[in-house]
């Protein structure tokens, strides 16, 4: 062990495992350093001389040098003072000193500072950060947070949120403000947005929201709330809405206030405070141009006055009032007629009534579509009346095709196959192969819905089986006007890539039990061709449809019933459709003035067409053809054989022609014959035939086939008059014992 100076104390004890520093030299240095942590013994600083090294001590410090121990002790003192100050300020929040560590709990950090070859400045900076992190929670920096309610247009909420919330997330990230949008507007045109954050963050978020709304409206960025406050050219006016009537102005789902804003071109805000009593009047703020604001105020007051009068919101004979308008239900198959070709009809209704009409969008499955009429109440009712008149004219419908054999011709076409009432114009039933039904219906019914919307017709699958019961086919029904049915038929044929097979009669044909149409002349026209409906009576007058129904073809009297054509129409549905459309689309325009002569029978197959009659009509050929057809029909069992009166009728007409021209025997030239007796006999026979008191005669004859007159005293049809005049006098050679021409041997 080395010698010490005379003035120095004896050396300290050797440090364990590599010794500590020696004692301070003469001159009185500070206490020796702590024990060495490694195999090296740190020499303590000496004022008068170097300290003694340990057994394996490290190198001694130079004389008078200040080693790291001085700086570390000073730093530890500063930390201790800081902790004392923190304890005085924070009380129990101050951090306690761990007595298990040598120097104020920083023994664990000694190796971090001592080990390594980093400069001392980095070591101190790292230690300062550690101290600051421990002292940081004691004094958090002051931060001001606020929450503000902001309003944006309800229609712009989707634009503010963005796809997948992208836009609202960008607003929150860029502004540092939390943005929350209320889930519902409560019927108001604006949606509440909650902004939470620092004042500058909230202000930035508001600016970003204004920019998005302004861009969505097509205006310059940042102009939304400036315009909402009226701007330089705008006017803001508030009117008080009485308690309990705020919902009337707002409407269901905000529909009424939206319509008012659209019609007046203003912005309306109903100020509602949740803390207010429901019995308190609420202000309605109207923003816009002065003239428009005044007009909007009048519209709102009109709504409130109608409510006071009890007329608003009630349902009338035309539909339901909603938001100052009227909803009129229109059958789906009649929508195309109300709209008209290229919208001509609905434009005409709008111009005449001074309203606006729109059909509401729906799923296309219901039987009706809603036409919403917007405008003043009296004009809305006028437009609704026009639409209902048009629908009423549709219910009478165009004439249908001929019915079954022996049935009267079709009347006005609303009769279905079962005789019940249906849509105007009737319906069409057709069969489609089962494996192609999916092409018509589509996934979820989307194809049939599209067909209904495009054509205005109503297409549905029938639950009835095909007539032959074939399970490989399904029946479909199309209801609507002829134009709508044709359009829907064309679209369906494109889907299945083939023609449709109609089943049953065409639209408007009366069923087996269907009543006769209002224009059917009655049983008198069931006789042979050439006879007038009522002998000597004028034809039915032709009145064009009045009002809004004049867009449809005018009704013409039906042609004489032809049994062969009726049988062909019953067996071939296509023939019935062809006759129906030819009658519907090719009618001669305008009524025919004056009594028209009875139509002649169509020429038989293979015969040339007859020239138009001039002067006195000759029905000889028509009667011959009629009796030939009657003779071809099968006789009923037990009925007496029919006789051929063709020659007798020819002779009869020849003599009648002579009488009419004044060449008959006993007729003075130029004198008008007297038909009184002939008319009396004719009406007596008609009364006896139709169940009234029969004239004197023998027993009733047995029933004969349809089309043959069968009554006592009138077993054969009376001779048809010329130009609606009865025969003058029957020739004695042609008169039977009872005054009837051509006695059959059954009648007396």
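From the backbone N, Cα and C atoms, a Cβ is placed for every residue, glycine too.
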Correct range for region 'Disordered' (source Swiss-Prot, candidates 365-393, 394-422, 423-451): 394-422
The annotated region 'Disordered' range in Swiss-Prot, which must be one of 459-478, 659-678: 659-678
DSSP helix/strand/coil residue counts for the domain 'KH 1' (145-209): 32 helix, 20 strand, 13 coil
Same chain, 6+ residues apart, C-beta under 8 Å of the C-beta of residue 443 (omega-N-methylarginine), given in sequence order: none
Residue 194 (phosphoserine) versus residue 481 (phosphoserine) - Cα distance in angstrom: 56
Rounded inter-Cα distance in Å - residue 194 (phosphoserine), residue 88 (N6-acetyllysine): 42
Modified residues: 194, 481 - member with fewest neighbouring CB atoms within 10 Å: 194
DSSP-derived structure type at residue 443 (omega-N-methylarginine), helix or strand or else coil: helix
